[in-house]
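Chemist: Dumping what TrEMBL says about this protein:
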TRANSMEM  6-34  transmembrane segment
TRANSMEM  46-65  transmembrane segment
TRANSMEM  85-107  transmembrane segment
TRANSMEM  127-145  transmembrane segment
TRANSMEM  176-199  transmembrane segment
TRANSMEM  230-250  transmembrane segment
TRANSMEM  256-277  transmembrane segment
Amino acid sequence: MNLVEGIVTIIMMTEFLLGNCANVFIIIVNFIDCVKRRKISSADRIITALAIFRTGLLWAMLTNWHSYVFTPDTDNLQMRVFGGITWAITNHFTTWLGTILSMFYLFKIANFSNSLFLHLKRKLDNVLLVIFLGSSLFLVAYLGMVNIEKIAWMSIHEGNVTIKSNLTHVISITNMLLFSLINIVPFGISLNCVLLLIYSLSKHLKNMKFYGKGCQDQSTMVHIKALQTVVSFLLLYATYSSCVIISGWSLQNAPVFLFCVTIGSFYPAGHSCILIWGNQKLKQVFLLFLRQMRC
């Protein structure tokens, strides 16, 4: 292991430990709260599910990174395919649960008189469930391409090697294009949520000024907190998706691949920390935990 790989290893392990601690903390706090209250809010359900899949995503990323750095010459196709499928599943649910959380904040906080918006707001839980289940079609399509790619790689030494190699190359490119396209959809939805929240906040501030009230009311604070959470998700997700796409096209370029994986790993770790700090219940428990640690 050279110097670059050593530095990347330290950063990767730091992100891995930070992300796991943050996500496990969210899971434990919400689980204990659910047991005490015997119920769990929609927001806590989404955040808990997000934390579970992000924990899986971090482990999948660590496994794939380990196989690339420490066992790059090991020709174990089954293990690589298993690692790729695990990453694809956890990445899919992490992405869409983050997008659904953005939509949840939009419908719960934004104020619009549009009849369609109000109808969707009344049926919010059902709407989010349909979107979550519908997004599985993207996962099925992507896993289908991964399976076709696996079959192509397994049969590359049979028959005309040149033709099979060219076919595998075409399938790999199609796979990456499909992945890029799939990531545009949740990113576009989250971007629209941010823009609509900003528009709703600006309308609210104008109304407050019109009625001669201050701008530090409860609704304004809720808008701002929601925007902080959604914008942070959008920025981290955009960085993560860019790193994944670049790394997919740069598998033969080790420094670029390692750099992208390292930067991308901050997404499942960093956004969970932001969720803890932006959620009053999680923040209070975390601060209480820190005070007890000092004693």
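Even glycines carry a Cβ here, placed using N, Cα and C.
Please treat TrEMBL annotations as automatic predictions, because they have not gone through curation.
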Chemist: Which listed range (6-34, 46-65, 85-107, 230-250) shows the maximal number of Cβ pairs under 8 Å with respect to the transmembrane segment (256-277)?
Modeler: 230-250
Chemist: Could you tell me what the rest of the chain brings near the transmembrane segment (46-65), counting residues at least six beyond its ends with Cβ under 8 Å?
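Modeler: Distant contacts of the transmembrane segment (46-65): 12, 15-16, 19-20, 22-24, 26-27, 30-31, 40, 83-84, 86-87, 89-91, 93-94, 97-98, 100-101, 104, 128, 258, 261, 264-265, 268-269, 272, 275, 279.
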